[in-house]
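Chemist: Structure incoming, see below.
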Amino acid sequence: MKLPLLLALVVCSAVSTNLKMVSKRNSVDGCIDWSVDLKTYMALAGEPVRVKCALFYSYIRTNYSMAQSTGLRLMWYRNKGDLEEPIIFSEVRMSKEEDAIWFHSAEEQDSGFYTCVLRNSTYCMKVSMSLTVAENESGLCYNSRIRYLEKSEVTKRKEISCPDMDDFKKSDQEPDVVWYKECKPKMWRSIIIQKGNALLIQEVQEEDGGNYTCELKYEGKLVRRTTELKVTALLTDKPPKPLFPMENQPSVIDVQLGKPLNIPCKAFFGFSGESGPMIYWMKGEKFIEELAGHIREGEIRLLKEHLGEKEVELTLIFDSVVEADLANYTCHVENRNGRKHASVLLRKKDLIYKIELAGGLGAIFLLLILLLVVYKCYNIELMLFYRQRFGGDETTDDNKEYDAYLSYTKVDQDTLDCDNTEEEQFALEILPDVLEKHYGYKLFIPERDLIPSGTYIEDLTRCVEQSRRLIIVLTPDYILRRGWSIFELESRLHNMLVSGEIKVILIECTELKGKVNCQEVESLKHNIKLLSLIKWKGPKSSKLNSKFWKHLVYEMPIKKKEMLSHCHVLDSAEQGLFGELQPIPSIAMTSTSATMVPSQADLPEFHHSDSMQMRHCCRGYQHEMPANTLSVPSLGNHHTYCNLPLTLLNGQLPLNNSLKETEEFSRNNPLLPLTSKELSFTSDIW
């Protein structure tokens, strides 16, 4: 009888001693209420869970057996609002076992607070425990609301234990625990070791963060507990660092009175283990809360975060800046390692400064516009100036004989319309004359320079290959006759155009819209890889200082300009006997021919078609007549020179004796045109 009484006194003494060490949270009707214990019980629906009375583990220095032997009773209640309802244990799904409640198969409706009360006639104390039961989230083996949380610094050692496993441990053996990461089996690397019911990571890396689930079987049911591991940076030993304003470098902000203003304060916080960054503004020795109502702080914004390291921003807001606000403002940042600060000085904006700034920006803007306009209007002139001063010579060592191949249509003068005369005269006379005599380019003109050595197509292809540019003059007659067909039908010429082997200069002498074959011209443009399009606009383009000639020279090969004498204008086939002759305009040639040549009816075998075909093969040249030479009054000092027939050049004479006199007359008369037979190798389109 004395022994139980002595034991009761010891228990009561232990309880009383413990109560002196822990401050009471509440006391109702003489019963000490410790409110809700910090430990939270969590389980998935359908799994077993054990809720222990926290009094025996955190609040008194005794266990359930000793308390029971002294006459103390343990009773369980479930909190429903402000009421505590006694629990009736059914022994089927929920039962009482010593100091705990066993849920053999927990359900979501079991979630709530459970209170254990330990009392006798003299003493009473109680504490509540929280239980949360939830279903698995879709496709997962856990619910994110009932995860345990663990943190570890990167490169440190971390052990993740399986929570509450002691409740399911049998005395004779350790539980067989299986670990998963993100609900999937994983082949752990060598530095991750399973140690009993725990997982040991010897050196934590950033990718080790995630959800770890431990699983075991207990009485035929699965028990799973999930722990979220958050990997952080190493614990910092430095105070935060201000990013703006700069530390030890006060920033000056020019403000306009009456206008709103926002001043951001940005700072970097290393990982310190604290719940949140501490950042605030002050004006002198006063906090912002002590100032006028038109000045306030915004919300702290998280700009960046990585492994617990944060970059945050706090904005100082002025609804309307007044004169009294022109002062120094300081942004303070701190953690448990120290404090840093940075300052901003508000200064009234000077109107003159604003005008100067606007004027300077305006001047720069106008200068840029002026330069843009100058370049837009004179870009070709600028490029030509640069090429003349600093450019090289494109014709050096390229193994090409001609600067350009000139392709145009040879038209009979009598068939020209009055509307097309200017275009055809430009193609036949003005264009080659200016390029060769004024700019010193060497052109290949098939009518003049083609010397047959094989078939016509082969000779033409060879000459195009020897040229650096291909100039196509789109006159009305050229378009009508589809003069470009040869460049599409002959495969070698076509390949040169589409591959960019030769650059093509396309000169439009007329408006293409509405013309016959205009669609084919557009198709030709699309097929040429290197194409430059230049438009000739009639007489105003004929002036040497016009935009047309500058553009044309810009597209021609880069070469050093050479002043040519009149004798150099003639090609090699025209030198020798006629080397000193000077060219005269076609009008003079026509008048000369009309004066000296007998009438067409008087010439034997003279055909009108031959005359039209050969009119462009004759050229007039001017030279000084010797004093002792008898001049023809109707001619003055003009002579007319025609190309020699190929039959004469080759030393061949016709076999037909009946035509001997006529042919002899033709050979001895320099004013007659070549016959169609002698020019059988030529073409109307060059």
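Even glycines carry a Cβ here, placed using N, Cα and C.
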Chemist: Which of the listed positions, N120, N656, does Swiss-Prot note as N-linked glycosylation site?
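Modeler: Swiss-Prot annotates N-linked glycosylation site at N120; the rest carry no such entry.
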Chemist: Name the cysteine that pairs with C116 in a disulphide bond per Swiss-Prot, restricting the answer to C53, C141, C162.
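Modeler: Of the listed candidates, Swiss-Prot names C53 as the partner.
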Chemist: Considering the candidates C124, C141, C162, which is the cysteine that Swiss-Prot reports in a disulfide bond with C214?
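Modeler: Record-based pairing for C214: C162.
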Chemist: Using Cβ-Cβ distances, find the residues under 8 Å from C214 (disulfide bond) that belong to the same chain and are at least 6 apart in sequence, listing them in sequence order.
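Modeler: C214 (disulfide bond) has long-range Cβ partners C162, M165, V177, V178, W179, Y180, N197, L199, R224, R225, T227.
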Chemist: Around the Cβ of C331 (disulfide bond), how many other Cβ atoms lie within 10 Å? Please give the count over every shown protein chain.
Modeler: 24
Chemist: Of the recorded positions C53, N63, N120, N211, C265, which one sits closest to N136 (N-linked glycosylation site) when you measure Cα to Cα?
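Modeler: That would be N211, the closest of C53, N63, N120, N211, C265 to N136 (N-linked glycosylation site).
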Chemist: If you count other CB atoms within 10 A of each CB, which of N120, N136, N211, N328 wins among these glycosylation sites?
Modeler: N211
Chemist: Translate the DSSP assignment of C53 (disulfide bond) into the three-state scheme.
Modeler: coil
Chemist: Rounded to an integer, what is the Cα-Cα distance in Å between C265 (disulfide bond) and N328 (N-linked glycosylation site)?
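Modeler: Between the alpha carbons of C265 (disulfide bond) and N328 (N-linked glycosylation site) there are 14 Å.
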Chemist: Do you know the mean pLDDT across the topological domain 'Extracellular' (17-354)?
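Modeler: Looking only at the topological domain 'Extracellular' (17-354), pLDDT averages out to 90.
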